[in-house]
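As written in Swiss-Prot, here are the features:
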TRANSMEM  24-44  transmembrane segment
TRANSMEM  76-96  transmembrane segment
TRANSMEM  125-145  transmembrane segment
TRANSMEM  149-169  transmembrane segment
TRANSMEM  178-198  transmembrane segment
TRANSMEM  212-232  transmembrane segment
TRANSMEM  269-289  transmembrane segment
TRANSMEM  312-332  transmembrane segment
TRANSMEM  363-383  transmembrane segment
TRANSMEM  385-405  transmembrane segment
Amino acid sequence: MAKQGALSALSNGGLSELWARLRFLFLAIIVYRIGAHIPVPGINPDRLAALFRQNEGTILSLFNMFSGGALERMSIFALGIMPYISASIIMQLMTAISPQLEQLKKEGESGRRKISQYTRYGTVVLALVQAIGMSVGLGSQGVAFSNDFGFYFVAVTTFVAGAMFMMWLGEQITERGVGNGISMLIFAGIVAGLPRAIGQSFESARQGDINIFALIGVGLLAVAIIAFVVFIERGQRRIAVHYAKRQQGRKVFAAQTSHLPLKVNMAGVIPAIFASSILLFPASLGSWFGQSEGLGWLQDVAQAIAPGQPLNILLFTAGIVFFCFFYTALMFNPKDVAENLKKSGAFIPGIRPGEQSARYIDGVLTRLTMFGALYMTAVCLLPQFLVVAAHVPFYLGGTSLLIVVVVVMDFMAQVQSHLVSHQYESLMKKANLKGYGSGMLR
């Protein structure tokens, strides 16, 4: 009886960590959603609503989607997580081209902490630039009640503090919750806006502004995209690997056959988020500073890279392709994999171990990455054309669907991993307790 109680306590203790992580995740999302509804002092809500009605369907809609609706409320989280994402992109690019940062990255945990510290400094700088631009834009367009230094100081301080809190919250979710914190915050913002967008679509269809058949077609397209994304994200290219017969001491290991799994889309949803962030930064500057005297060309730039424009499509496609290859290269090194296979006595049939195996794996990975980049571009851009043509809210775009589906799949995979890990630990502890009990009987 005592032994069964001990086993039950061990099992419950294992699952309690998962429940604690889930509770922290939900609490963090609740805090994020509460903050998204706290407005910055000194904002005229009527003028703000009129401003967003004028800019409906522009790049601001995408910016508002990533901020979870905080931008249109001009809340303390209006900048969202984009300054941190932009700083992360810059730091990763600099790490790839700077020998000093590359060496710092190889120093282990201390080096990674140093790079994270540099990323935070970059986040402060970018958030400050965007906060100043947003505050000046609000003042020049009459959205602020009083266009004085007091408003600018309070607004800039609030925006920067909100962006830094979002960065901290995302890091805490990654460390103490489940899933990638940044992706979870973006996911929460998109999902929070979906009910409103769907309700507006049905209301527009009821009033005759949208063809009901077009709305049904968009809904079926969304279901098809979700199924397609799940199919591709679960897809793998398996490279056959053989282990030769070997002997270690007195033990003889028979020849074995295994495989090296390579995901079709190894970069996940990161390229879509990074490419969107690259477009959002200059577009946001153009939207806020474009009204100022002598800076009208910035507004022309913002209009040129608005959703549906040829330049937007070209830059977005180039960004996705670049970040697919860049992020895959950061995550997976064919030379290291080939070297590890050689050290373990494994080889790819028909391929010489070492350099030839590395070139073969790199070739397979390049083809997979190109297919993954084309798949992600199609998912993000094709629905955008149909959504714009049917005048459906931007929330139903391909980028948002891709982020939602991939984040949910990653979340479920991590929960399953925690469950399997705890079951394994429970079995091992159970075996140890049985061995201890039989020893006591002797």
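The backbone N, Cα and C atoms fix where each Cβ goes, glycine too.
Touching of the transmembrane segment (178-198) and the transmembrane segment (363-383) is ruled out by the presence of fewer than three CB pairs under 8 A, sequence neighbours closer than 6 excluded. Between the transmembrane segment (125-145) and the transmembrane segment (24-44), three or more CB pairs separated by 6 or more residues in sequence fall under 8 Å, so the two stretches touch.
Within the chain, the transmembrane segment (76-96) has long-range Cβ neighbours (under 8 A, six or more residues past its boundaries) at 32, 35-36, 38-40, 63, 66-68, 70, 102, 104-105, 115, 118-120, 122-123, 125-127, 130-131, 134, 158-163, 165-167, 170, 182, 185-186, 189, 273-274, 277-278, 280-281, 326, 330. Of the candidate ranges 24-44, 312-332, 363-383, 24-44 has the most C-beta pairs within less than 8 angstroms of the transmembrane segment (149-169). Outside the transmembrane segment (312-332) by six or more residues, the chain places 59, 92-93, 96, 262, 265-267, 270-272, 274-276, 278-279, 304-306, 365, 369-370, 372-373, 376-377, 380-381 with a CB less than 8 A from a CB of the stretch.
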